[in-house]
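Worksheet: one structure, shown below.
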Protein chains: 2
Amino acid sequence: MANVAKKVSWSGRDRDDDEDGRAGETTPLLNGTGPGAAGGARQLTPSSFLRIGQLSNVDLNEDIHELTELPRQRPNEIPHNEKLLSLKYESLDYDNSENQLFLEEERRINHAAFRTVEIKRWVICAMIGILTGLVACFIDIVVENLAGLKYRVVKDNIDKFTAKGGLSFSLLLWATLNASVVMVGSVIVAFIEPVAAGSGIPQIKCYLNGVKIPHVVRLKTLVIKVCGVILSVVGGLAVGKEGPMIHSGAVIAAGISQGRSTSLKRDFKIFEYFRRDTEKRDFVSAGAAAGVSAAFGAPVGGVLFSLEEGASFWNQFLTWRIFFASMISTFTLNSVLSVYHGNAWDLSSPGLINFGRFDSEKMGYTIQEIPIFIFMGVVGGILGALFNALNYWLTMFRIRYIHRPCLQVVEAMLVAAVTATVGFVMIYCSRDCQPIQGSSVAYPLQLFCADGEYNSMATAFFNTPEKSVVNLFHDPPGSYNPMTLGMFTLMYFFLACWTYGLTVSAGVFIPSLLIGAAWGRLFGISLSYLTKGSIWADPGKYALMGAAAQLGGIVRMTLSLTVIMMEATGNVTYGFPIMLVLMTAKIVGDYFVEGLYDMHIQLQSVPFLHWEAPVTSHSLTAREVMSTPVTCLRRIERVGTVVDILSDTSSNHNGFPVVESNPDTTQVAGLRGLILRSQLIVLLKHKVFVERANLSLVQRRLKLKDFRDAYPRFPPIQSIHVSQDERECMIDLSEFMNPSPYTVPQEASLPRVFKLFRALGLRHLVVVDNRNEVVGMVTRKDLARYRLGKEGLEELSLAQT
Amino acid sequence: MANVAKKVSWSGRDRDDDEDGRAGETTPLLNGTGPGAAGGARQLTPSSFLRIGQLSNVDLNEDIHELTELPRQRPNEIPHNEKLLSLKYESLDYDNSENQLFLEEERRINHAAFRTVEIKRWVICAMIGILTGLVACFIDIVVENLAGLKYRVVKDNIDKFTAKGGLSFSLLLWATLNASVVMVGSVIVAFIEPVAAGSGIPQIKCYLNGVKIPHVVRLKTLVIKVCGVILSVVGGLAVGKEGPMIHSGAVIAAGISQGRSTSLKRDFKIFEYFRRDTEKRDFVSAGAAAGVSAAFGAPVGGVLFSLEEGASFWNQFLTWRIFFASMISTFTLNSVLSVYHGNAWDLSSPGLINFGRFDSEKMGYTIQEIPIFIFMGVVGGILGALFNALNYWLTMFRIRYIHRPCLQVVEAMLVAAVTATVGFVMIYCSRDCQPIQGSSVAYPLQLFCADGEYNSMATAFFNTPEKSVVNLFHDPPGSYNPMTLGMFTLMYFFLACWTYGLTVSAGVFIPSLLIGAAWGRLFGISLSYLTKGSIWADPGKYALMGAAAQLGGIVRMTLSLTVIMMEATGNVTYGFPIMLVLMTAKIVGDYFVEGLYDMHIQLQSVPFLHWEAPVTSHSLTAREVMSTPVTCLRRIERVGTVVDILSDTSSNHNGFPVVESNPDTTQVAGLRGLILRSQLIVLLKHKVFVERANLSLVQRRLKLKDFRDAYPRFPPIQSIHVSQDERECMIDLSEFMNPSPYTVPQEASLPRVFKLFRALGLRHLVVVDNRNEVVGMVTRKDLARYRLGKEGLEELSLAQT
């Protein structure tokens, strides 16, 4: 039997600071015990008690009683670990609420109008592609110019002081430059928009999975992200500008598809049809794909990334639109950058990073090399796991001690200065000189080398990471000596690990590739040495495999990463070895520790739903999984009751089953529909109710537009004033509730519930008994809390943070 | 309002000849009217009458009465058109029946055992890849040798008779050779396994969609398919060997994953866990992908093909396994063919067809060319639509007049002879001579050309189509004169159109590519002529675009085809223009007529579920869509009733809702579960019942193994003998029924029902009312019959054929 230990730390909860005042799905009302009472399977009372509306004073008092009783069990500070599931994240609703209003609208729309909607979708995708491409161009051009400026200044300075001594001034200059640039980048992130930190890939993964991360697709986030990533790269951190493109694309998509900006308070009155979670999610997938496409020149890889991370329900038309956006994105980037680089028509820059041409004739692989590649995959998996483990401890440390913005900025500056110092010392100590002729080094540092030679360590450190990667792939054999590569790998590994998780906008793709390329090339050189310089042991090829192995070992992406690497090399020949390497790296890495993104998602305690329920969870049924009792509303309900329920801070449900209100059918209170908090808020705001005495009167009609205008920032219940008279009015929910919510019987197994929930992107799933009476509710947290741990099935605790 | 016209031609029906004696899902019992009474929305009686078990004599008589009354409305021969939906196709069940036995087994299996299952899945995928690759090698090598032999014989003969006159002997030899080879190929298909005809892609699409096509994944089909495709290609038909690889891969996958062959009566007692539709489907996806991968050297394209056509629920692990199988498949093919061709280690043959190296530097495209590519897409769309329209009329003709196997063989022979004749005449009449030096022609025919020259028309006609395609892509400018290309395009277009649909195993990919490459090259030459020979107008590049346009215009695949073309060219540079061309071709083509595969699926009246419900179908609800009344069983049911229901040839239901059997709850007969015909058959076969007097006795226990052993060919009910005494026994279904079938309320809109059904791969969806009583049943046919026609929503008729 699986070991099902349950810890529910508390259920009484404060309001969170989310702007629309909602918090939490329909959560269980205090049916758990404190952490002290953990252990053993959860005992459920078999009573299927229905709390129909009317929160009596007794009820409220009970809640308060329990609230005041609980704090002694509540620890002052929750040790932040991955065994918790935070209640502060809400779900997105990827299932349309098919209420009467919606159906009436859909029925009014004829075939031609649907075609218009379809054309609009394509237009939006084209715009997403174009804008994402342009943003990528902007980042690329600005980084290139600023970094060029910086390197030229430092190089001049170094050249000056190399002759007359006093290189410590150069170091100081370099470190100060880096630290100050990074400071600006860190300040804007830490103080203005913390969600713009990092690559944004975990956040987008969560969004596509159905978790609402506050502010993640805001215009402000985009601006901070773009500025932040430019500053991080120019500041010389061990970061890339590719990962953030995915986030940027997603924000662009979310913005365009809604036809308005709530930040700028502009509503263009277009694309109103798309103002709901389902449609927005589809466009965000396209935006993320366009971002990948622009970053790596990998349109197919972008589509696969979006599908791997997000779309649970594969739809051919959607996929084709996503592909269109991706293609447009890389094409836009390619055109603009080609023009910028002066060779207008040749379309030679499909992505922000371009691995360069791998000539398959010169650098083809043979069957004998396959075991070697697999071995490299093993190394990549181990190194990746090490990277993730180190980063895990670092992140735990940061969560505990470096949570104040000022400290975060100071840490970022420190890392920037250290990065510069390490680079400088490494370059200074290196005695690896290479002839400058025929090499493609952008900023050759002569330092102590003879005239006409340059310091080889400087090609790796004194350059943007993208250029270093390409150099490692393509520089002719002999460009680096093994010592240089070894030292570089070691140093860069720790620097990159320290850098990931800083409060700056930056990606981990390029540093991973760089580490991998360095040890891969080292490996290739050793191999060539061992085999007495066989021609097949091309160090560039091994650098590529090393890069794939290292990246795979860190992020553990599979299909999409293979395709991205294939497209970035512009060559399908390496498909098979890259796949082998990535697969090996993933298997080996997974043996030790999770992938970096998943790890960070878990550290944030996000209720993330994986692809399938844990394999050993067939022993659980909906009955054990669901939250109960459920707060239900009657079809014709008293306004005061609705207000009380919505204001009840101890539960904060977001979806309410609607049951039959006929008083003489007390026995069978069958499910009639489901209504959302956001819908109720709009109803209350527009005063859609009638006096109890005049029930025959028709209540005010609302249009779907009223709901769309309020989307996605519905006001909190506190901002809606309901007078005492109005409290006694009645509200008829029939027209607004979803009359056909998905339901499961209590006997359904967890995998079955999970499959339904995941495949349809649900937010609320009502559990009914044999007579169609509501007995429970399953939400994302009820499913996400079951996980396959080392010793079998484990259950995460729910927590406030 | 949508125009909902309904025609139900009849409901009383004969048994079909399917080997397991089942036919049709739960179909409506005569609730439609004859074709004469068509028009207007269906009127449903609001009564939710439950037919609980006990088919009384009255019931039966009623059925017979209606049966005898109906034939006057039944036309003698149904005009076979695409407005029908055949009842002879059954559904596959992609939703696990989670009954007690299943859950008990799953609960017994611990974490380690699940890992074993997972490893087995990977092993099976590797085996699928290897075997598919080997089969592709076998086909390739045999075709190469046999075709080489044939062309050498004919060439020698032609060379002999060119000098001394009497070339008609050569023509006779060529035509006879072709016709006799094709005769053999056609005989084995027509007389032994008709399902092996064609490319098999429509059949695999249907299988992955959830439709059971009899014999489609049998070993016999594979053998006939492989032999058939070899004979068709050697016989000189305008066909390719690529499409059938997809079918072959699927059969291999289905065979291996079950660990036994029912045809060979061998059970290896392995992989028993995978003996159900869900698991088998997953492996068949992998097999289809491996087939694409081997055919085109396109592993990613293969994965996308499988996903586009089949997997409705995207699962990361599954996708990764599919990708693994694809990679292994192309790698196996590559290794074996490389060894066969003597350059053992260079891995230069990733697929059956290889478009050859497109040098992106020489053949890159510029932005100005994009409008030209789009224009080519338009041409491809129009030509593709023309091809499909012609083929449609041809197929209708064939269905009406050429349905006897002998006639089919004669037609195939005729086409073979005509193909040879047309080729010969074209070559004979052509005066286009090219210098033999520096060209890569395999069988240069000199004919009336000067010494050292060859007939250019012969490179196109006197060659396997694969080689002709590559020649058109890569022969240097000037290798073909425009007249040759024009005539070739015209002739080959009609030949290919005539050939598709013959009773031979053959694919349409290569002929389409060849037609497109020919007119594309012609287009390129014209362009070069118009622009006074600008260097950018490389005819090979335009041949590639033309090939893409033509293929896209015919088959209308999108994402997967783009990737397949990209991988086959080994170059990602052309991704954007190929995508544009394919998209334009699809949009233009769709304006006129459907894609070739979809057209043939419709002509077969297969109840195929598209990705989404028709956009204007929100006006329909489950109440209108469902079949009613439903034959229900009680939880403890009389054996005689079960036998009667299963034997009832007029209904032939396959799934039966199980309702509460307590006699005093007549009012609320709530749904308790769902049981399948196949399960009941197994129960009856194993005599799992007890005497009515001894209800307290425990009935015989069955194991999941008993069900798996019977899968997939469950015996017909007629073969199970139940004595009169046994008929009076009682059978307890609780343990075997699925206790948590998915349900929808009557108010659910059609798109909502459709989404649930499609996303979860259901076979039966129970419609319940507010009290959880069964009021109807939705099956595949109920959903597939609604389609978006030219004038809005239309409803297909159900028919027997």
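Yeah, the Cβs are placed from backbone N, Cα and C, and that goes for glycine too.
Taken verbatim from TrEMBL:
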type: DOMAIN; residues: B:737-795; note: domain 'CBS'
type: REGION; residues: B:1-40; note: region 'Disordered'
type: TRANSMEM; residues: B:122-143; note: transmembrane segment
type: TRANSMEM; residues: B:171-192; note: transmembrane segment
type: TRANSMEM; residues: B:222-239; note: transmembrane segment
type: TRANSMEM; residues: B:283-305; note: transmembrane segment
type: TRANSMEM; residues: B:317-340; note: transmembrane segment
type: TRANSMEM; residues: B:370-390; note: transmembrane segment
type: TRANSMEM; residues: B:410-429; note: transmembrane segment
type: TRANSMEM; residues: B:483-502; note: transmembrane segment
type: TRANSMEM; residues: B:508-530; note: transmembrane segment
type: TRANSMEM; residues: B:542-566; note: transmembrane segment
type: TRANSMEM; residues: B:572-593; note: transmembrane segment
> Which residue counts does DSSP give the domain 'CBS' (B:737-795) for helix, strand and coil?
Replying inline: 15 helix, 25 strand, 19 coil
> Under an 8 Å Cβ to Cβ limit, what residues of the same chain, 6 or more beyond the ends of the transmembrane segment (B:572-593), are close to it?
Replying inline: 358, 360, 364-365, 369-370, 373-374, 376-378, 380-382, 384-385, 388-389, 392, 544-545, 548-550, 552-554, 556-558, 561-562, 565-566, 599
> Counting Cβ pairs under 8 Å that are 6 or more apart in sequence, does the total for the transmembrane segment (B:317-340) and the transmembrane segment (B:171-192) reach three or more?
Replying inline: no
> What average pLDDT does the predicted model assign to the domain 'CBS' (B:737-795)?
Replying inline: 88
> Which range out of B:222-239, B:370-390, B:410-429, B:542-566 gives the transmembrane segment (B:483-502) the most CB pairs under 8 Å?
Replying inline: B:410-429
> Are there three or more C-beta pairs under 8 angstroms joining the transmembrane segment (B:370-390) and the transmembrane segment (B:171-192), sequence spacing 6 or more?
Replying inline: no
> Same-chain Cβ contacts of the transmembrane segment (B:222-239) under 8 Å, 6 or more residues past its ends?
Replying inline: 135, 138-139, 142-143, 146-147, 150, 174, 178-179, 181-182, 184-185, 188-189, 192-193, 196-197, 200, 247-248, 251-252, 255, 415-416, 419-420, 423, 464-465, 492, 495-496, 499, 502, 504-508, 510-511, 514
> In the same chain, who gets a Cβ under 8 Å from the transmembrane segment (B:410-429) while lying at least 6 residues past its ends?
Replying inline: 167, 170-171, 174-183, 185-186, 235-238, 398, 402, 445, 447, 455, 457-458, 461-462, 487-488, 491, 495, 498-499, 502-504
